[in-house]
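Listed features, source TrEMBL:
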| type | residues | note |
| --- | --- | --- |
| TRANSMEM | B:16-40 | transmembrane segment |
| DOMAIN | B:16-210 | domain 'ABC transmembrane type-1' |
| TRANSMEM | B:52-73 | transmembrane segment |
| TRANSMEM | B:85-104 | transmembrane segment |
| TRANSMEM | B:146-167 | transmembrane segment |
| TRANSMEM | B:187-209 | transmembrane segment |
Amino acid sequence: MNYLFSPDNWEWLWTGNNARFILEGFLINLEIAVVSIIFALIVGLILALLRLSPIKPVSFIAGAWVDVFRNLPLIFLILYFALGLPSSWKQAWEDAMPGWAPEAFQSGLVLGAFLGLVLYNSAVLAEIMRAGILSLPRGQGEAAAALGMTRAQSLRYVILPQGLRRMVPATVSQLITLNKDTTLVSIIAITEVMRRGRIVTSSGFFVEVQAPILQVFIFIGLLFVIVNYALSRLSRRLEIRERKITGTKMKRVSGVEDVAVETA
Amino acid sequence: MFDVLTEYWPEFRSGFWVTCRLIVASFLVAMVVGTLVAAFRIAPNKWLQRLGGLYVEVFRNVPLLVLLFISYAGLRRADVDIGPWTAGIASLGLYTAAYVAEALRSGVFSVGKGQIEASLSLGFSYAETLRRIVLPQAFRTVIPPLGSLTIAMIKNSAIIGVSLLALPDILKQARIVQARTFETDVTFFWAAVGYLILTGAATLAFRFLEKRFSIAR
């Protein structure tokens, strides 16, 4: 306890620009999370629709794809893409990245990180969306068909607006998980908050005060707790509001830590 | 494709067992601590409730990697003698325990209030009500979420090996084999098979439990 709270061991926080250095790293994590969730939502919607397709082989392949990527560790995927992607792809990424993009995005390794994050999360979100769509009463689709809508029209105007609405709280929950998972990209040498924490705790000629590892990572952990706690409150509020409007109950999505979907 | 597997079979096999041991030990820690925290959260004392709530909010919102850094490198730098196994199992177990606690708590709340009232009015004591009426039913509703958590925990166990802990689990061994053979695709394919066996087995086991204990309607 003495060690933990001794002012000497927290001196690093207000020395030099350590705090700013770490906070900027944390910002990179948030950026990675936001970019990944946007792409994961798009890919996830496509996967969910493919899985619900009336054509048997299509839905089977999409289902197998989702189940494989959902059941593999995310760190495994990130590591695989970082090691296994041809270097020409990474080069193409570096060439394509505009100069105004955040510095951490310039490295070709980020491509591996994004591929892993998007593939994994799109599979999870596809399953959430599918559960949301399937939770709608069958009568909705039947009524749309009876009104003479084509399948595409009934999806566009009847099924998706209601089905996707139900998954908004679950998506926010998944964003929390994703936010935590962005720390994993430090494994493949992207200087986000974890790497920066290591830099601060290492002794080197550019380090003014060598910071103790324990305190630095408690500080980083607190950053995550604050942001994710706010997000989880948001998710709960959305959930309660949704339940009031639609009178639905929550149903869990299997294989995910903390995600539930509302069902009738 | 199979030559990598046969040639490096000892590595793959030992990695698989390390992962198995990690998840079994972490599962036990998660269940015990999770039950305790859940008990805190439904306790009649307000301060115990808050303590349980604080535990859940902290451990659910912090990245597992941060916990691993704190519990291994951090504590070692602070002259606490902690081994990689202890740190890894404690981190994964305590992290999962927060989710377990939430699942158990919502399971207890899923039992209708009327049942408890009925049981009390029939003359059961509070402890008897809990043991005979509430817990058996809560157990059933809790099986599917516990299954999800176990699968998530198996996946999270991969983080332990590749972070700074020197625990040669499946993923770590795959990296070692990959560094020797440069056969990235094949090596990671076999590692994926290892993880899918574990997550698949957990899925089937919990599906069986769910069926076994479901209420006949």
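Any Cβ shown, glycine's included, is placed from N, Cα and C.
Among B:16-40, B:85-104, B:146-167, B:187-209, B:85-104 has the largest number of CB pairs under 8 A with the transmembrane segment (B:52-73).
Within the chain carrying the transmembrane segment (B:16-40), a Cβ under 8 angstroms from the stretch's Cβ atoms is held by residues 48-49, 51-52, 55-56, 88-90, 92-105, 108, 149-150, 153-154, 157-158, 160-161, 167-170, 173, 194-195, 198, all 6 or more beyond its ends. Non-local neighbours of the transmembrane segment (B:85-104) in the same chain are 22-23, 25-35, 37-38, 41, 52, 55-56, 58-60, 62, 64, 67-68, 71-72, 75, 138, 142, 145-146, 149, 152-153, 156-157, 160, 165, 167; each lies 6+ residues outside the stretch with a CB under 8 Å from one of its CB atoms.
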